[in-house]
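First up is the structure itself, then whatever we jot down about it.
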Amino acid sequence: MQWYLVAALLTVLTSSQGILTTLSQSNGKYKYDYATIPFLAELFKLSFSSFFLWKECQSSSPPRMTKEWRSIRLYLVPSVIYLIHNNVQFATLTYVDPSTYQIMGNLKIVTTGILFRLVLKRKLSNLQWMAVVLLAVGTTTSQVKGCGDAPCDSLFSAPFQGYMLGILSACLSALAGVYTEYLMKKNNDSLYWQNVQLYTFGVIFNMGWLIYGDFKAGFERGPWWQRLFNGYSITTWMVVFNLGSTGLLVSWLMKYSDNIVKVYSTSMAMLLTMVLSVYLFNVRATLQLFLGIVICIISLQMYFMPVNMLVELPQALPVTSK
């Protein structure tokens, strides 16, 4: 399977996440416990990967699997990073408004490029660096409100701690992605075996988070397993399937492509979500959205198009004698 097909599918699925989540609400509220969604998504990814790993083991050429604990324990790290990241997200939102947080989140585009260079020793050309920065500028432009919609200085009115936590959140998100790519490419183990290790820890950590939530609430709603499917509808299950499928596609890209492709996919998905929201939820289209889309398309061409196509001048037409 070509990486650009996986990237395109990831863009479509990621763009539909927010839309499906909104459609799963009833009168603006969730009838289900939304903390169960990540747990079931991790369980779906683990079940899917386990099945195909079993199929590989039944074949005439068994897959390569590194089973030493010193290798397996490395797959614990992404779950720890994401757990810290989720808590930093909540802490950040106590200091800044959601729009400011979303704009600061675009820092992860640039920090991914930096960690891509420092951790994975992958060098980007000057043109590619410019493209990555343009992508961050484009996504930020699409999210900035006009002065008529909100105070123009609202972006810079949050406490200093909010900006520091926002930067930390972006760095943690980039670190989790780059570290996962490092795990996927450090050996030639089967992708499904690597997924099984990754998602086993994901299931354990999400289960632990549900148990922690029960203790924090004093078990007033009962244990989490008794309300696991309460309020679930077809749309809710579509959210679970969507979240699980995007995770599987991301792990494929981490194994056979790289983090920058994933960053472009998710950034384009965000813009696609905005465009679809204009038609589905009567959200007003803005000049900033249009400009952001144009900038991101230019960035996409700059990063992936062969250099000779970007700089090649058209051939002069031959002079014909009369």
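The chain as shown is numbered from 1 upward.
Using N, Cα and C of the backbone, Cβ positions are placed for all residues, glycine too.
Noted in Swiss-Prot for the protein shown:
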type     : residues : note
TOPO_DOM : 24-33    : topological domain 'Lumenal'
TOPO_DOM : 55-75    : topological domain 'Cytoplasmic'
TOPO_DOM : 97-100   : topological domain 'Lumenal'
TOPO_DOM : 121-126  : topological domain 'Cytoplasmic'
TOPO_DOM : 145-157  : topological domain 'Lumenal'
TOPO_DOM : 179-198  : topological domain 'Cytoplasmic'
TOPO_DOM : 220-233  : topological domain 'Lumenal'
TOPO_DOM : 255-262  : topological domain 'Cytoplasmic'
TRANSMEM : 3-23     : transmembrane segment
TRANSMEM : 34-54    : transmembrane segment
TRANSMEM : 76-96    : transmembrane segment
TRANSMEM : 101-120  : transmembrane segment
TRANSMEM : 127-144  : transmembrane segment
TRANSMEM : 158-178  : transmembrane segment
TRANSMEM : 199-219  : transmembrane segment
TRANSMEM : 234-254  : transmembrane segment
TRANSMEM : 263-283  : transmembrane segment
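Contact count against the transmembrane segment (199-219) (Cβ pairs under 8 Å) is highest for 34-54, out of 34-54, 101-120, 158-178. Below 8 A, the CB atoms of the transmembrane segment (101-120) and the transmembrane segment (127-144) form 3+ pairs separated by six or more positions in the chain. The highest tally of CB pairs under 8 A with the transmembrane segment (158-178), across 34-54, 76-96, 127-144, 234-254, 263-283, is held by 76-96. Taking every recorded stretch in 34-54, 76-96, 127-144, 263-283 and counting its Cβ pairs under 8 Å to the transmembrane segment (234-254), the highest total belongs to 34-54.
Secondary structure by DSSP for the topological domain 'Cytoplasmic' (121-126): 1 helix, 0 strand, 5 coil.
Residues 221, 224, 227-233, 235-236, 238-239 of the same chain lie 6 or more positions beyond the ends of the topological domain 'Lumenal' (24-33) yet place their CB under 8 Å from a CB of it. Residues 3, 6-7, 10, 112-113, 116, 120, 122, 124, 128, 132, 174, 177-178, 181, 184-185, 191, 194, 303 of the same chain, all 6+ positions outside the topological domain 'Cytoplasmic' (255-262), place their C-beta atoms under 8 angstroms from a C-beta of that stretch. As a summary of secondary structure, the topological domain 'Lumenal' (220-233) carries 3 helix, 0 strand, 11 coil according to DSSP. The residues of the topological domain 'Lumenal' (24-33), classed with DSSP into helix (H, G, I), strand (E, B) and coil, number 0 helix, 2 strand, 8 coil.
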